[in-house]
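Features of the protein shown, as given by TrEMBL:
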REPEAT    163-197  repeat 'PPR'
REPEAT    198-232  repeat 'PPR'
REPEAT    233-267  repeat 'PPR'
REPEAT    268-302  repeat 'PPR'
REPEAT    303-337  repeat 'PPR'
REPEAT    338-372  repeat 'PPR'
REPEAT    373-407  repeat 'PPR'
REPEAT    408-442  repeat 'PPR'
REPEAT    443-477  repeat 'PPR'
REPEAT    478-512  repeat 'PPR'
REPEAT    515-549  repeat 'PPR'
């Protein structure tokens, strides 16, 4: 795949074509050298009759070869010029560098840069250097770009003095690599080299700081930028607004938009999309939707990103029907739903238990000419399986294949899960075998679905067979796969085997790190076999390994404390102690979750415990509001 074109690329119109196309007897297009090229380079002399080639002819040939991507002929031109001791110009090499960039040939560009002086006697200036550096960066070779810079500026110390563009490129690379401190160091070095940072320099560095969680430094840089007389652009403000939203500082983000307008910088689509995305992430959907009208009043048209963000936000809030209404609004204004919008809405409607609306939406989508892709088909198949209709889903899979759309691992795993859900493990296994006969490669998710499905049916032997097949296939295990088999062991009372597998997880690397689901499976298994003490010890192990309990964890222990202990306990003291332990480990979010659970179960924590959690979870001015919310939760 070609890398995206750089803003440095400005291909020029050729003076004349080096190639022409012909058609053979079978109707195939044939590319051949033009007669002019043959006349110029397949003759022994440098004359055509009484005409002697001038330098400008060669320069035109270089440009032609570069723009047409004929690098073989280009080398011939270079060789001829070298033999005839023609003068090489830097600007012609820059044309070639850009041509190499369009083809993704960053290595050839670097090689030609070395040959410029050594072979062709042409001095390379910072213009050539920047062209090659940009080609390397556009190809995604960021580390190589840094090496190219160091080799030519720092180590060899050629007569290349970096300019603003050089620094902009290097700062961009360093920010992308997460080396923001080094980027700041380069930025601070610029004045000593008589380089004045421009708006791109500031914007790139602010974006890098924001994305690395250093938003306060980025905002300070905005003040510095304005003091230096450099006017911020839309990109500058957009980077900061995005960073503030990600930090959760909504009020500062909104104030920055106001500041942006005061500075005469008009918000664009990216600004509004950033605002809408940020508001959706914090659950302020109504405010996000209201921005659509504001965009219209500012003559700023919403695009697919705008609508996609809003629809996805509504779906995440359990408001998929509002999302479908928004889709109708889009269509009324001349827009069209795309695959992303439809897949998000279909998934939301099925998850909210509204299958009729989802099926209607699918039918409307087909009628309106939106051709389903792999993701859309997979989401629809998954939804049908969720409502217990795997046979219908299988029909959709057949239609999918017939339409030439390739199913993926998610498609097949959804269908397998659907058959397990209705107790038809044989058909699930058949789907897995069908998947093996296609070009779709098994992954750990498919195996986990099989293991979990067989485990739910108590078919541990089959689950173990799938586990062994997975190991023999070289599939990399993860926490879900382990948890699925542990679930199988615990379901048939083999908790010790589950614990052995759990111990293997602890040494299996980051992908195999036990999560709250794994622990809950073991808690449930231990408590059902009356191993309450071991379950409590495992809970301490869970906290020590940085995994937070959830409300399901609390439910498991409440049940065992009330049903298995003699005398039974209400669990208040146990949960209060759990909150205290979380607070001691500075795990305030988990602690507040447990407190909320306790209040819902009418098990109020001790005053000191509640106060400690509130003080650390709430901003000072919002503590009273948070207390009111807690008491309303307690007495509703």
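Keep in mind that glycine also has a Cβ here, set from the backbone N, Cα and C atoms.
Sequence-distant contacts of the repeat 'PPR' (163-197) (same chain, at least 6 residues past either end, Cβ-Cβ under 8 Å): 126, 129-130, 133-134, 137, 142-143, 145-146, 149, 153, 204-205, 207-209, 211-212, 214, 225, 228, 230.
The DSSP breakdown of the repeat 'PPR' (268-302) into helical (H, G, I), extended (E, B) and coil residues amounts to 26 helix, 0 strand, 9 coil. When DSSP labels each residue, the repeat 'PPR' (338-372) comes out as 26 helix, 0 strand, 9 coil, counted as helix, strand and coil in that order. Away from its own ends, the repeat 'PPR' (303-337) comes close to residues 269, 272-273, 276-277, 279-281, 283, 285, 288-289, 292, 295, 344-345, 347-349, 351-352, 354, 357, 361, 365, 368, 370 of its chain (Cβ-Cβ under 8 Å, at least six residues beyond either end).
Cβ atoms under 8 Å from those of the repeat 'PPR' (338-372) belong to residues 304, 307-308, 311-312, 314-315, 318, 320-321, 323-324, 327, 330, 379-380, 382-384, 386-387, 400, 403, 405 of the same chain, restricted to positions at least 6 beyond its ends.
Looking only at the repeat 'PPR' (303-337), the predicted model's pLDDT averages out at 88. For the repeat 'PPR' (163-197), the DSSP counts in helix, strand and coil order read 27 helix, 0 strand, 8 coil.
For the repeat 'PPR' (478-512), DSSP puts the residue distribution at 28 helix, 0 strand, 7 coil.
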